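Notes follow the structure.
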Amino acid sequence: MMLKKLFAFNGGVKPDYHKGESNHLPIAAAPLPAELVIPLHQSIGGVPHPLVHAGDCVRKGQLIGGPDGNVSSAVHASTSGTVKAVEPRLMPHTSGLSAPCVVIEPDGRDEWIEHAPVPWRSMSPGEVRDALRDAGVVGLGGAVFPSHLKVNPGKLGHLDTLVINGAECEPFITCDDMQMRERPEGIVKGAAILRDLTQAKQVLVGIEDNKPEAVAAMRAAVERLKAERIEIVAVPTRYPAGGAKQLIRVLTGIEVPHGKRSTDYGVQCFNTGTAYAVWEALELGRPLISRIVTVAGNVETARNYEVHFGTPMQDVIALAKAKPDSDRVIMGGPMMGYRMPSAAVPVVKATNCILVGSKALFPPPPPEMPCIRCGECALACPVDLQPFEMYWFSRAKIFGKAQEYHLFDCIECGCCAYVCPSRIPLVDYYRFAKSEIWARENEKTAADTARERYEFRLAREEREKAEKAAKLAAKATETKAKLAAQAAAAAAAPADAEAAGAAVPPEPTSTATNDPKALIAAAMARAQAQKAVVHPENVEQISPEKQAEIAEIEARRAKLREVAKAAQPQEDQ
Amino acid sequence: MIEAVLVMALGAVVLGAALGYAAVRFKVEGDPLVEKIDAILPQTQCGQCGYPGCKPYAQAIAKGEAEINCCPPGGEEGIRKLADLLGREFKPLSAEHGVEKPKRVAFIDEQTCIGCTLCIQACPVDAIVGAAKQMHTIVAVQCTGCELCLPPCPVDCISMVPISETVETWKWTYPIFEVKRAA
Amino acid sequence: MINNSPYFRQPASVRGVMLKVLAALLPGLAAYVWFFGAAILVQLALCSAAALAGEWAMLAIRKKPVWLFLSDGSAVVTAWLVALTFPPIAPWWLGIMATLFAIVVVKHLYGGLGQNPFNPAMAAYCLMIVAYPQIMSQWPAVGFTDFSTQLTAIFGPDRHLDAITMATPLDALRTQLHTADARATVAGILGSHATFGNIGGKGWEWVALGYLIGGVWLVRQRIITWHIPTAFLATLAAIATIASLANPAVFAGPVFQAFTGGAMLCAFFIATDPVSGATTPRGKLIFAAGIALLTWIIRTFGAYPDGIAFATLLMNLCVPLIDMHTQPPVFGHKKDEEEDKKGP
Ligand code: SF4
Ligand code: SF4
Ligand code: SF4
Ligand code: SF4
Ligand code: SF4
């Protein structure tokens, strides 16, 4: 085999890998729990809307959360049973907040809904994308970006390289490793499907060279299946080689900048688990309802389990037997994982690893010292950032400057905090600054919308006033004519009538008037006179029946107002 | 000694020139003042400042007719930004205009609502939808929390509810604070 | 409180960094003691004590965790650099005052560890050389290592130093060029005088070699990067080469320049102070080259024994500007920058 030329990314670190603890036992199936709590929002993008209600019976694989628009992904029942509730439950998120979940009590029959392979070869690309979205396929490396949005040949109509990411660089995690060893064919078939969908010229499967068994198993599968244009490449072991952009760089030399689509550069990257899920979804017609999860850390027997989404983490941890001094549960690895608010939170699509921690395994950080600008962090940063500058400005809350130093290019890999001799929790500062900037951005958008809507309303009010003035003017002309006929002079207010009369448009309903000022003046005068009977301004085109109803309500309202006044006189000011 | 002083002076001159150049080169063309002020105001459109909306208040400030500390929704931060922009002295929020409150949105008790449409007329940003005699609802994302719809409602069915944090809007805390809290 | 990821950390610490810096000074220090006597050890002890006392007082006043910062070793590094750049037979109060100035004023009044824009040791050196130019140029003669005489010089009430001091090679060269008859040339002076040893001044060249060894070890330990030492020495050598080629009679050659005075100490230990120095790779090159250029100018045309201190402080001033304009390209943005350059 031709030796592939590999590229390197700058920076990176080599932490203790701890992989041997969980990759010597085969993947086991985790039993169904007493209750599944399936969050509706499990991917990037819109929150799927619930399609079931409490009391409904669902079957395994049944759609329970419909995707909200295109940037969203469906959610399915992981087993058959009864929906107990659709309610907010604690989410697997550091915030400790709740979000809507579908709670299912399994009936034990684990009965599939009818499903059939998707004839993706004869479908249009848009239809295949819809099928993937409806099968709930999202990136299983942890980012949970909806996969259907990435299955896209890009501007050129074909990709140069499709990268399948089996690097798995985070310590402790071995779920991709074990899946590649035990189920390489599904992954290779999935990669072949993705290759065809993206029209990729070649597929490169990058696997860190500390997983020789996985590399061998995958190569054997490629041989067996005679898969074309798929190459298994062992890449040097260095955290974070499994970052999508880092792996693309290592395999192709292409650097995809932050905020750009990688397809624009002729590359795209999927996780091995995602490739497997794509194969299952299209060739078997099975939606994504479970995944392989590594349970490791402070446990007796670290191992990989196939877990149904919605299973409480504590049930899976119980299988691996957590040691008594365990004090935390982390979703993901030790470098980028997130602390969970409780062990009761459910396993979701993003859960590649349940890491049980203890004071001994992950000692609390030594006291933070000031930054000495030693530059270690900059040497370690795989994105070539200057972490200490970003830290300085994030800490001082000068967010604009932090952004100038490319805060949003930071992938939160933790390399900088890993090497910092002053033990500054650098990534915490970046997370803080990022969420603060997002919040401000949102606030600003909200303010802009409010401004726009306010201005729109002012314009509309102006227009309505003008319209009403026109109507009133028309009426006035009529009255004037009548009055003239009766020869009863000087009964009406002359100024009013004149002003209005001067500007009567032929069609009182037209929106544009040629002399708005006069109209407004007329309207104002009129309004003064008719204050008592003014009508709601924004309920145009109301039928006479409706008008009557309103009148009724108005009467009731008047009564109610009196009642209210009597009850709370102090409030009426 | 003299050389050192000379070299230092030279350094200072070079530095000054470079900074001056940077200041000239990277200067941004500004919006008109009113727009800039309006951009800082929170756009709640509540009228607590004594003007019918944020824009009129911005115009009044620009003309020098109004103080900068009359907008309660903008709070201290808003006043500080205005002070920076206009080169005026920072002043604490003027109490007669109100107090700074956490942002809330209006909520209509749909059981009680009689569909009188009065709230719709009051809302400055058209955040309320509904037709006559129908129950009314507030579009929470558009509501600025100005409370202008509360007084007109004849049945007092509108209440202000705090905006609850969601997983999506949750913010990471400032690391130092946590250390202090734990200590 | 349970922290957030990353949960793994390298066992690096500020103390570890500082201890390695101190260790790297040892070879040079050994040569120093061999050629100039043990007086330097007394000065090191005095300055270290003063630094720790000053640090302790300032930390207590600023209500900072005293033990945490006192044990980080950064004050001792400053103290050692002060002692090593001062004449070893300077009176005891000079080193102590200088160190206190460095710690209290230059370090803590600017915000403490990590915040000082100026190199504390060099600021102290500049202060003292302006205040006591006489004392600051009294260096012991090479090979005169009698400890009791040196102690008397340090602590004694009356200092009869003429017998034991000697001009430093840099001074000697300059003085002779200025005073001797017009036929004196650099080559002649360097070759003829016992002060000048083989390449950079008798004794001095060995001390410099010691610093070089320690410095290279520091680079290999990844405490400092190669940029600053290389740029400093290369620039200094390049200027010296050009100058001495242009007029060999007046300008000393590159080897002499690099191995004399504080050049080697500056290259590996002073200019590489991360806090007050430039941080980006290109910035480091510019920063160090600037120091070398200024050092050469001050050495050659100035009246002071050495130019590194003034040069370092001047370049410290420029650091924010240098850093701002030398930001390295971020991952994936290299192309944009090229495009930006190409664009109008
Ligand atoms: S590694 Fe830590 S101390 Fe060093 S520059 Fe980066 S943030 Fe500062
Ligand atoms: S966390 Fe961000 S700044 Fe730190 S090393 Fe990773 S990418 Fe660079
Ligand atoms: S008080 Fe209300 S209306 Fe006035 S500027 Fe502030 S938000 Fe706008
Ligand atoms: S709904 Fe009420 S509180 Fe909200 S913006 Fe409209 S008037 Fe103000
Ligand atoms: S004012 Fe009150 S009762 Fe009338 S429509 Fe609005 S919410 Fe309903």
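Heads up, the Cβ atoms here are built off N, Cα and C, so glycines get one too.
The feature FMN phosphoryl threonine is assigned by TrEMBL to C:Thr168. Look at TrEMBL and you will find C:12-34, C:40-59, C:66-86, C:92-110, C:226-245, C:251-271, C:283-301 tagged as transmembrane segment.
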Proximity verdict for the transmembrane segment (C:40-59) and the transmembrane segment (C:92-110), three or more C-beta pairs under 8 Å: yes
Top Cβ-contact partner of the transmembrane segment (C:226-245) among C:66-86, C:92-110, C:283-301 (pairs under 8 Å): C:283-301
For the residue listed as 'FMN phosphoryl threonine', the number of other Cβ atoms found within 10 Å of its own Cβ: 21
Contact set, same chain, for the transmembrane segment (C:92-110): CB under 8 Å, 6 or more residues outside the stretch: 42-43, 46-47, 49-51, 53-55, 57-58, 62, 75, 78-79, 82-83, 86, 116-121, 123-125, 127-128, 132, 135, 154-155
Secondary structure of the residue listed as 'FMN phosphoryl threonine' (DSSP, helix/strand/coil): coil
